[in-house]
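Engineer: Pasting a structure here, questions to come.
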Amino acid sequence: MLQEDERIMRIGVLTGGGDCPGLNAVIRAVVRKGVATYGHEFVGFRDGWKGPLEGLSRPLDIADVRGILPRGGTILGSSRTNPFKIENGVERIKDNLAAQGVDALIAIGGEDTLGVATKLFELGVHVVGVPKTIDNDLGATDYTFGFDTAVNIAMEAIDRLHTTAESHHRTLVVEVMGRHAGWIALHAGLAGGANVILLPERQFDVEQVAGYVEKRFQHQYAPIVVVAEGAQPLDGQMVLANQELDSFGHVRLGGIGQWLAEQLEAKTGKEARTVVLGHIQRGGTPTAFDRVLATRLGLQAIDAVHEGDWGKMVAMQSTDIVRVPLAEATRELKTVPLERYAEAEVFFGS
Ligand code: F6P
């Protein structure tokens, strides 16, 4: 029911960073509750921080969010624009918000997008953050939406690869995303029954990996090795797709799977092939878990805006949706604790 005594706000919504299944579910929940319960108005900013920076927007009303719950990607578009790397970036954002009559912003993103939101809040912008990333590496929240979908996609790929590995007596190396956190590799590897899982959180010994692979062949059961894109061999280096840095200073990872397959083939004498799952992990429709999580985060985000609870990120803690200071959420990356990795190690090589 509309609460008519409240002041109507005009609220901007943006999605930044890598796209992720569930973004549209958040936008839908924010707009549906914002309009129907509170009577607020919305404007969609296009392509992450580029939208408010350049004044690029689109209408965002209930009709615009119908039917988008199961849709992957983001109807608002995304980019990795960093306004703090652009001359007068903050002033331009403030001017454009004022020009469009925007009172508050809901920023949906990962460490970079929410890092910008944190700084803008400190500079007086009314902002609330919603955590998203398939990498699941944001602090202060147990899960980010997109992660469950990515893990399920990777698990299904591993299930399918088992049959080829067995039929052809090959090692199959599956390279998954996750940047500097091994959550996708750990969960997909555990769920898919991988023979070995390699994470960025612990450097691996390629001789030991080859030993696990040999053992699997002895059991007449072909090995699947899951390697996170940010995993590194002992005394080796992270393998990069290229040397360029994005505007947040990130390298583009990729290639460790191919390197590892070559090493394993040379050491075991058995054919080894690589499958790089890449952006397939970010594409398509979100799982039920991610749709529900994204929806609940969106509902809490619009409540926070309605109450003027600025500088907060909505988060999942246990089964509750809570609010935490944005600064706390973006302070450090949430990586896989080594004791969690030890649980998986029980299955290596056996
Ligand atoms: O942060 C999400 C993510 O998919 C990472 O897992 C990956 O390293 C990165 O984004 C890839 O970014 P891009 O799509 O810009 O190459």
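Think of each number as a place in line: the chain as shown, counted from 1.
Using N, Cα and C of the backbone, Cβ positions are placed for all residues, glycine too.
Checked TrEMBL, it gives:
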| type | residues | note |
| --- | --- | --- |
| ACT_SITE | D135 | active site, proton acceptor |
| BINDING | G18 | diphosphate binding site |
| BINDING | E111 | Mg(2+) binding site |
| BINDING | T133, I134, D135, R170, M177, G178, R179, E229, R273, H279, I280, Q281, R282 | substrate binding site |
| DOMAIN | 10-305 | domain 'Phosphofructokinase' |
| SITE | D112 | site 'Important for catalytic activity and substrate specificity' |
| SITE | K132 | site 'Important for catalytic activity' |
Engineer: Could you tell me which three-state DSSP class K132 (site 'Important for catalytic activity') falls into?
Structural biologist: strand
Engineer: Per residue, counting other C-beta atoms within 10 angstroms of the C-beta, which of the recorded positions E111, D112, D135 reaches the highest number?
Structural biologist: D135
Engineer: To the nearest whole angstrom, state the Cα distance for the pair M177 (substrate binding site) and the residue listed as 'active site, proton acceptor'.
Structural biologist: 7
Engineer: Among M177, I280, all listed as binding-site residues, which has the most CB atoms within 10 Å of its CB?
Structural biologist: M177
Engineer: Identify which of the recorded positions K132, R179, R273, R282 has its Cβ surrounded by the largest number of other Cβ atoms within 10 Å, counting every protein chain shown.
Structural biologist: K132
Engineer: Near the residue listed as 'diphosphate binding site', how many other Cβ atoms are within 10 Å of its Cβ?
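Structural biologist: That number is 19.
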Engineer: Check the DSSP secondary structure of R273 (substrate binding site), expressed as helix, strand or coil.
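Structural biologist: Note: R273 (substrate binding site) is in a strand by DSSP.
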Engineer: K132, T133, M177, R179, R273, I280: which of these recorded positions put a Cβ within less than 6 Å of any ligand 1 atom?
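Structural biologist: Checked recorded positions vs ligand 1; flagged T133, M177, R179.
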Engineer: List the residues of the same chain that sit at least 6 positions away from T133 (substrate binding site) in sequence and have their Cβ under 8 Å from its Cβ, in sequence order, or write 'none'.
Structural biologist: G17, G18, C20, G109, G110, E111, T144, G146, F147
Engineer: Given the binding-site residues R179, R273, I280, R282, state which is nearest to K132 (site 'Important for catalytic activity') when distance is taken between Cα atoms.
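Structural biologist: For K132 (site 'Important for catalytic activity'), the closest Cα among R179, R273, I280, R282 is found at R282.
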Engineer: For I280 (substrate binding site) and the residue listed as 'active site, proton acceptor', determine the Cα separation and express it in whole Å.
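Structural biologist: Here the two Cα atoms lie 14 Å apart.
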Engineer: Give me the CA-CA distance between R179 (substrate binding site) and D112 (site 'Important for catalytic activity and substrate specificity'), in Å, as a whole number.
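Structural biologist: Checking the Cα atoms of R179 (substrate binding site) and D112 (site 'Important for catalytic activity and substrate specificity') gives a distance of 13 Å.
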Engineer: With substrate as the bound species and T133, I134, D135, R170, M177, G178, R179, E229, R273, H279, I280, Q281, R282 as its recorded binding residues, calculate the greatest Cα-Cα distance and give it in Å as a whole number.
Structural biologist: 33
Engineer: To the nearest whole angstrom, what is the C-alpha distance linking the residue listed as 'active site, proton acceptor' and R282 (substrate binding site)?
Structural biologist: 10
Engineer: What does the structure give for the C-alpha distance between R282 (substrate binding site) and D112 (site 'Important for catalytic activity and substrate specificity')? Integer Å is fine.
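Structural biologist: Counting only the Cα atoms, the answer is 17 Å.
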